[in-house]
Amino acid sequence: MTATTASDTVGRPGPGRLPSLTGMRFVAAALVFAFHATYENAFRDHAAGAAFSWLAGKAGWVGVSYFFVLSGFLLTWSARRDDPARRFWRRRFFRIYPTHLLTFLAALALLAWAGLPAPGAVRNLLLVQSWTPDVNVILSVDPVSWSLSCEALFYLAFPLLFRLVARVRPERLWWWAGALVAAVCCVPAVAGALLPGQPHMSWLAVSEQRYWFVFAFPPVRALEFVLGMVMARIVRAGRWSGPGLLPAGAALVAGYAVALYAPFEYGMVAVTLVPVTWLISAAAVADVRGTRSPFRHRAMVRLGEVSFAFYLVHRLVQRYGHIALGERRAWSAPAAVGMVLLSAVVSLLLAWLVHVGYERPVLRRFGSPARPPEPTGARPAALPGPSRVPAGRDAWHTSTSARREESP
């Protein structure tokens, strides 16, 4: 969930650019925002509050799953075989950690102001909090940064995973994708067999240990990241045979409806994983082929560019804004909706300030060391779109063009 350049985003994108996925990022971040808004209990009308909590009760799970699949997809899409691991890790570090550090310090200040403890602060700072089954540590300081703990593992392992995924024969890619989906769907069953189901947490219908294993344990969430990598190869190889953008979106809505009624552990990730993956792949295909995509609109791409900062600041605005107004205060349904929207606007403004005044300058200054010059006469090949790649050939191996890295 980091910054990208959105110039020339209206109309047909240039080779290798995927502006729809940038724009779609903000939608995913908004889903996470809506999910977290349910925890503030801002509705005086309990029926209205219960309806809002039920409707948005799976939105956060979907948003995070989207980011994990997207991360693997985009890193693979933009990767270069000649890119040293140290250069890759440097870029990843300066895309993610400086903004994490800023919001970590802000969260510590807000915790001190509110007189609240900060368990697991050191582990949060080091982005290793998701390796423990203690929810008080996982969701410590800035609660949403637990997902960065997972991303840290993904980035560390990516150079090796990249080489392994690149060795898969094109005709076997769909088999690998199916195996990864099956593995994710088996995770709740494994958790049920190995981990206790009671007692439930006070705020979720699942035990702490199962919540951690299914939703926060980095190696388990890495399955979605690798699935994104495989899907990037499928699209680049011209082997995408899934639905278009509109049917994929409809499938995600249907999957979300099923998740609302599914057993809790399955509703967190497994039920919606396939439509999330379809949507990402279909949006990438739409961008490469230049077909219509609402997420490619300039405004959506601009919002997508600030989505990482929005993701990191929004929970602080929600939680401590409510404390400032009165922690137990609730409003009528219209006023509560207004307060949710106000917190969204404040979060977006803060995110824009962080992105423009801090995140982007830091990345420009430290994130991209000069690349050694190419040998004389070397010319990058054009990126072939899926519709132009003959069946049985892999665009992965036919293109060496330098593509701008876009990663959540």
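Note: Cβ is positioned from N, Cα and C throughout, glycine not excepted.
TrEMBL labels come from automatic prediction, so no person has curated them.
As recorded in TrEMBL:
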type     : residues : note
DOMAIN   : 20-352   : domain 'Acyltransferase 3'
REGION   : 367-408  : region 'Disordered'
TRANSMEM : 21-39    : transmembrane segment
TRANSMEM : 59-77    : transmembrane segment
TRANSMEM : 97-116   : transmembrane segment
TRANSMEM : 146-166  : transmembrane segment
TRANSMEM : 173-191  : transmembrane segment
TRANSMEM : 211-232  : transmembrane segment
TRANSMEM : 244-262  : transmembrane segment
TRANSMEM : 268-288  : transmembrane segment
TRANSMEM : 300-317  : transmembrane segment
TRANSMEM : 337-358  : transmembrane segment
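Taking pairs at least six residues apart, the transmembrane segment (21-39) and the transmembrane segment (268-288) share three or more Cβ pairs below 8 Å and count as touching. Put simply, of 59-77, 97-116, 173-191, the stretch with the most CB pairs closer than 8 A to the transmembrane segment (244-262) is 59-77. Relative to the transmembrane segment (59-77), the listed stretch 211-232 leads the set 97-116, 173-191, 211-232, 268-288, 300-317 in CB pairs under 8 A. Tertiary proximity for the transmembrane segment (211-232) is limited to same-chain residues at least six positions away from its ends with a CB under 8 Å from its CB atoms, namely 61, 65, 68-77, 130-133, 135, 138, 146, 149-150, 152-154, 157, 161-162, 165, 168, 173, 176-177, 180-181, 183-184, 187-188, 190-191, 194-195, 201, 204, 265, 268-269, 273, 277, 280-281, 284. Distant neighbours of the transmembrane segment (300-317): 1-4, 6, 9, 19, 21-26, 28-29, 32-33, 36, 96, 99-100, 103, 106-107, 110, 142-145, 294, 343-344, 346-348, 350-352, 354-355, 359, 408; these residues of the same chain sit at least 6 beyond its ends, with a Cβ under 8 Å from one of its Cβ atoms.
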